[in-house]
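Look at TrEMBL and you will find 1-20 tagged as signal peptide. The transmembrane segment annotation in TrEMBL covers 59-77, 98-115, 135-160, 280-300, 320-339, 360-381, 401-422, 429-452, 472-492.
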Amino acid sequence: MGRVAVAVIVSLWVIPITLMVNHIVPEPYMDEIFHIPQAQQYCRGNFRSWDPMITTPPGLYYLSLAHVALFPSMLWLRSSSSFSDLCSTAILRSSNGALTIICAMLLFEMLVHLRPDLDERKATLYTVVLALYPLHWFFSFLYYTDVASLTVVLSMYLACLKKHYHFSSLLGALAILIRQTNAVWVLFVACDGAITFLGSHQNVNVQLDASDVSIRKNAQLSEERSVPMGTNLRKRKMLGVVNIVNHSSSAASSSTHVPAGLLNELRVIILGMWHLKWELMVYFGPFLVVLLAFAMFILWNGSVVLGAKEAHAVSPHFAQIMYFGLFSALAMAPLHFNLQQAAFLHQSLWKRKPLSFFPGIILLAAGIVSVHFFSIAHPYLLADNRHYTFYLWRKVIKAHWSVKYLLVPVYVYSWLSIFSTLGKIQKKIWVLVFFLATAAVLVPAPLIEFRYYTVPFYFLILNSRISDTKSYLIMGMLYIAVNIFTMMMFLFRPFHWKHEPGTQRFIW
């Protein structure tokens, strides 16, 4: 078992399903009509050509060039074909298949690193389930940026966890080159690394201080024993020293306890950053360089996106963060939607009433304001019925005017459950940074697109301690059912273009 087993298991579905997709859907599909011709231009060496409808940078195309040039299965083709001829739809899609296998191996490494108590058999099972996550699984067979983006972001995160900070920052630059919103995750990973660095340095200092106090205490006690009993003055002085040492030892031992409050955590981190500012600059300065370079690009480009700027203008879509909370909680349903979790949240909210009423009221009010004033129906959402979001919007959220308000308590419960789950493993400041990073990625996006949830979902589930194998098995069965249904609809319910006066819509 282990990473090799994960690679083999994932290959068992990636290879045959990729072949089946290429056989039934050989032509570019949806956004592939932009990405595949652009990648083929790069294969011809035409790096100055650019489709103005493409919003993301060319990182995916560079990875595809490397895949075509280096992948072993292409060796026999290169002898009989030109390089540009190798960049067919099927071969370009296969680059995402290869990245899917690499991504699964990265997930295994991260699970083992974050949870060293896991044996290889469980880690392998958990990794396979995570690789089946529907939003990641489906796009493994198409030429989209999602799989490449997730793979490089997870590589960056793993490098940071292993304290290879400079290499992690280089991977962060590559992640931004694939998708601009990954700049937020570069900042998040840097913050995660800084928090961990400060925590480990603090723990080392506490251990050294406690050891030093113990040594000095023993030395003083030995010296006290050597003093004659008649010298009362010297004895009183030595007892005073011992009392001071005892007080210092108590202070040192108490400093090992991390303050529970968010403000206290923030204060400790700020003080630690000030005392270790030069070390932090050495280790995490490259992350700042990457982010400053991206900020300069935004100033030069005039926008975050490259093309189709009007359709992807930044919008205050605060309802998006509510959708993510519910969607992710449902994807981890065995953890969040059970009686034990509901009872835990109820107890947590009511243990200090009436003060506990205020956070709940504030969250509910924020949710109502978000769905009422900041719920956006993007034209792309209403025009294309090949997406689940099209039906969720029309058949659920818009089924009645009251539905979007009735869903607010469910959104709030989902986020409270997520906060409580992360809070059991991570510091409160980490949970806050994760929430802010997720909001920074999702809120500006006017289009409800579940693909945008993939990266924050993996950060969420990797840092949620799901120890029950049964929960993972239930999640795996849920994922498989969704994947089978989605793939059957994709392969065997083809669409045709229907033109209606004044509108254009895809019809199944």
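Glycine is treated like the rest: Cβ placed from N, Cα and C.
Caution: TrEMBL annotation is automatic and unverified by curators.
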Apart from its near flanks, which chain residues at least 6 from the ends of the transmembrane segment (98-115) lie with a Cβ under 8 angstroms of it?
2-3, 6-7, 10-11, 14, 63, 67, 71, 123-124, 126-128, 130-131, 136, 140, 147-148, 150-151, 154-155, 157-158, 161-162, 458, 462-463, 465
Pairs 6 or more apart in sequence, C-beta under 8 angstroms, 3 or more of them: is that satisfied by the transmembrane segment (320-339) and the transmembrane segment (472-492)?
yes
Would the transmembrane segment (135-160) count as touching the transmembrane segment (401-422), if touching means at least three Cβ pairs under 8 Å and pairs must be 6 or more apart in sequence?
no
Taking a Cβ cut-off under 8 Å, which residues six or more beyond the ends of the transmembrane segment (360-381) line up next to it in the same chain?
311, 315-319, 321-322, 349, 387, 389-390, 393, 397, 404-405, 407-409, 411-412, 415-416, 446-448
